[in-house]
């Protein structure tokens, strides 16, 4: 482990490998490239301190370097102990980002590193799962006067932050980047859909076609996972608690069951709910021999590991990132990536082209917080529609796509109430 006052990484000599990774993904992130060019010229974050808790891999690295190029002092820690890529973190440290993260860090190190990142006394926080905001509110209240606001990347994080708002404990404004159209319609659906299966297939090297895939949760992430499972030839079963989403899943052509019924027939189970213990003891007891369990939600609580451990008579690791739990009756259940985010713990996360839009939003959210400091209440906000549309237009242009424009006649018609039947 290489540590100084400005970084703590596994091995700083890994930096050249990380630099190559960052350079590769940057070529497929035209929206963030566009914003970076603008930021480099204007330096909107000169003198601004930004602390981030993110999955520290190549796409997030390009975001952090974009903010640094904009003049910010940037610090960062991991948002998940297993998603860190050590070579990328080394490259960030070499580039002058104050970064503290090591793949496989334990819980104590996780929070120690987060506190180190917070020692920069941030004006802006970029969060992924709301752990950094929560830590500030509970343990680092002395930082609050310096904080103008924070942005949140994930559905899980936004749920936590809205709960904080409801309880009246928020002390600064939050921008829910996750709730922007160019985030959840693309990142959550197409990004999660592809990267979750990338993680599962890389880890298991098993066939998906012909299997029963149980998707627990039919939000935008669940929709993407189910869509790609069908494309791979699986029979897809959706488990939901929301009657409207359950009905939508059925109308989309998927089977819908409760968890007890799905547990009996599933070959691969994937959770994407943001809630706790969605698959637990009574479900494990019904599963087939060889059932595979994976999680696509932010925290490792959706599949009950304590229940698996209590039921198992033997625990082993047949392959990297796979834990085998042997039951008393001889059945074997396989948990991928310790129940953590399978797409990041067992693969490289979302495709660069998808994160291009999400991280463009994060960069603009940071600028929005700076420009509106002192004018926003301690509430959860969504970015203005014009920022969403700006990101979409730049993305379309990078794809060589030109869209139609309303004529003046059409605009006038849409604004009028006088024309009827």
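Keep in mind that glycine also has a Cβ here, set from the backbone N, Cα and C atoms.
Owing to the predicted nature of the structure, the values given are computational and were not obtained by experimental measurement.
Swiss-Prot annotates 153, 183, 187 as substrate-binding residues; of 106, 119, 128, 131, the candidate listed for that same site is 128. Here the candidates are the binding-site residues 156, 219, 240, 343, and by Cα distance the one nearest residue 128 (substrate binding site) turns out to be 156. Separation of the C-alpha atoms of residue 297 (NAD(+) binding site) and residue 153 (substrate binding site): 13 Å, rounded to the nearest whole number. Counting only residues at least six positions away in the same chain, the Cβ atoms of 128, 129, 178, 298 sit under 8 Å from the Cβ of residue 154 (NAD(+) binding site). Farthest C-alpha pair in the substrate-binding residues 128, 153, 183, 187: 14 Å apart. Cα distances from residue 153 (substrate binding site) to the binding-site residues 217, 221, 240, 343 are smallest for 221.
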